[in-house]
Amino acid sequence: MSLDIVILAAGQGTRMRSALPKVLHPVAGNSMLGHVIHSARQLQPQGIHVVIGHGAELVRERLAADDLNFVMQDKQLGTGHAVAQALPALTADTVLVLYGDVPLIEVETLQRLLAKASDQQLGLLTVTLEDPTGYGRIVRDEQGQVTAIVEHKDANDAQKAIKEGNTGILALPAARLADWMGRLSNNNAQGEYYLTDVIAMAVADGLVVATEQPHDPMEVQGANDRRQLSELERHYQLREGRRLMAQGVTLRDPARFDVRGEVTVGRDVLIDINVILEGKVVIEDDVQIGPNCVIKNTTLRKGAVVKANSHLEGAVMGEGSDAGPFARLRPGSVLDAKAHVGNFVELKNAHLGEGAKVGHLTYLGDAEIGARTNIGAGTITCNYDGANKFKTVMGEDVFIGSNNSLVAPVEIKAGATTAAGSTITQTVEAGDLAVARARQRNISGWKRPEKTKKS
């Protein structure tokens with residue numbers, strides 16, 4: 001069975017009180033529409049058609065991809081009208097309708113719904129709620145068969161008492177869709193063309209309406225304002241936390257933990273409070289992450305330790321290495337096994353060999369540091385001349401004294417030592433000691449300046 005997916009994303013979202021189109025508001029670091037597209041792709045459809053309207057150019061710009069077909073809805077005349085705009089592009093056997101502001105929908109739920117769809121059967125996703133205010137109500141006959149959906153504003157008191165609501169997510173036989181779209185009417189309280197009216201048409205045409213429900217009602221929760229957006233955010237984070245804990249991660253407090261990307265984890269991982277994981281993060285077995293850390297697009301090998309208040313982006317920490325507290329690893333930073341980065345150390349495009357140590361108060365940029373090398377406190381690689389970047393290379397077993405300035409391009413060869421306070425501008429040969437500082441001069445009888453007395 002071939003599949004086309006239509007995602008409705010044309011709404012303005014006036015209750016957001018924002019210049020940003022509603023579907024671009026983020027949940028867990030990705031736009032709501034981005035989450036829906038991600039789920040849609042996992043169903044491997046032959047086409048994904050995104051119906052856009054308000055802020056159309058910005059939506060195109062943010063989400064442009066070869067596998068997306070953007071369809072313009074110039075006037076927002078209802079969900080039925082929106083789907084009708086995509087009709088000319090639909091060629092598959094089945095059409096699945098999704099919503100760009102319903103980001104938590106699970107792929108497994110959609111797969112169950114699609115299994116209900118066929119030439120003679122329409123799949124409808126419903127949800128049972130204690131308070132279904134705002135939802136269209138599912139009307140069933142005495143045999144329990146769905147006969148219609150009545151929108152909340154059009155429902156009478158008896159219909160409003162129904163707890164089963166319409167999510168709007170449908171799996172439809174494409175061969176019948178054009179006919180149903182042509183028969184839609186806007187004779188209702190909203191003056192809009194409701195997609196839900198196809199349910200009654202399908203029943204009249206002899207089709208069965210088969211329903212499915214999500215395991216969690218929050219899967220089908222939309223966001224019309226920022227309060228609802230925050231509820232989606234927190235639910236997503238708790239769901240991701242449960243997923244990671246099921247895979248062997250200890251979260252000190254799942255309510256104080258955020259995932260904003262794709263996270264792969266091993267077993268016996270410990271994550272403390274207020275940790276944010278962004279982008280693609282790989283965490284292997286026995287890793288420990290202290291409180292208040294931000295880790296983005298980074299790989300943490302087995303047994304690595306990230307201490308409190310550290311910020312890592314585009315980095316790789318090797319097996320048994322450690323960083324922090326208050327460490328910053330910028331893109332291109334690589335720590336080999338058992339390398340150590342201490343407090344208030346910043347690395348950028350720097351490679352630390354196995355067992356290398358950078359204890360504290362140091363900046364290393366565009367640097368290659370050999371195994372077992374020790375970098376003293378206050379060391380800085382001077383890698384930028386105002387126009388170009390240059391590299392600093394240190395061999396194995398180098399000892400850099402405290403408060404050194406290493407003016408790149410420069411090489412300090414294996415086993416060399418630099419004295420504290422040195423400014424190194426030339427190659428230091430293997431095993432040599434480099435002393436590059438002014439000789440101390442003491443001035444006897446010197447008197448400190450005195451403050452001028454005010455008249």
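For all residues, glycine too, the Cβ spot is worked out from N, Cα and C.
Taken verbatim from Swiss-Prot:
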type	residues	note
REGION	1-226	region 'Pyrophosphorylase'
BINDING	8-11, LYS22, GLN73, 78-79, 99-101, GLY136, GLU151, ASN166, ASN224, ARG330, LYS348, TYR363, ASN374	UDP-N-acetyl-alpha-D-glucosamine binding site
BINDING	ASP101, ASN224	Mg(2+) binding site
REGION	227-247	region 'Linker'
REGION	248-455	region 'N-acetyltransferase'
ACT_SITE	HIS360	active site, proton acceptor
BINDING	ALA377, ASN383, TYR384, SER402, ALA420, ARG437	acetyl-CoA binding site
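Cα proximity to the residue listed as 'active site, proton acceptor' (within 10 Å) is found for the following binding-site residues from GLU151, ARG330, ALA377, ASN383, TYR384: ALA377.
Between the CA atoms of GLY11 (UDP-N-acetyl-alpha-D-glucosamine binding site) and ALA420 (acetyl-CoA binding site) there is a gap of 64 Å, rounded to the nearest whole number.
Within the group of binding-site residues (GLY11, GLY78, GLY100), the Cβ with the highest number of other Cβ atoms inside 10 Å belongs to GLY100. Per-residue confidence over the region 'N-acetyltransferase' (248-455) averages 98 (mean pLDDT, predicted model). The two recorded residues, GLY78 (UDP-N-acetyl-alpha-D-glucosamine binding site) and ASP101 (Mg(2+) binding site), show a Cα separation of 15 Å. Sequence-remote contacts of a segment are chain residues at least 6 beyond its ends whose Cβ falls under 8 Å from one of its Cβ atoms, and for the region 'Linker' (227-247) they are 16, 25, 27-28, 32, 103-104, 218, 221, 254-255, 257-259, 263, 265, 267, 269, 271. A straight line from the CA of ASP101 (Mg(2+) binding site) to the CA of ARG330 (UDP-N-acetyl-alpha-D-glucosamine binding site) spans 34 Å. Across the region 'Linker' (227-247), DSSP helix (H, G, I), strand (E, B) and coil residues number 20 helix, 0 strand, 1 coil. Considering only the binding-site residues ASN224, ALA377, SER402, ARG437, GLY100 (UDP-N-acetyl-alpha-D-glucosamine binding site) has ASN224 as its nearest partner by CA-CA distance. Of all the Cβ atoms in the protein chains shown, 16 others lie within 10 Å of the Cβ of ARG330 (UDP-N-acetyl-alpha-D-glucosamine binding site).
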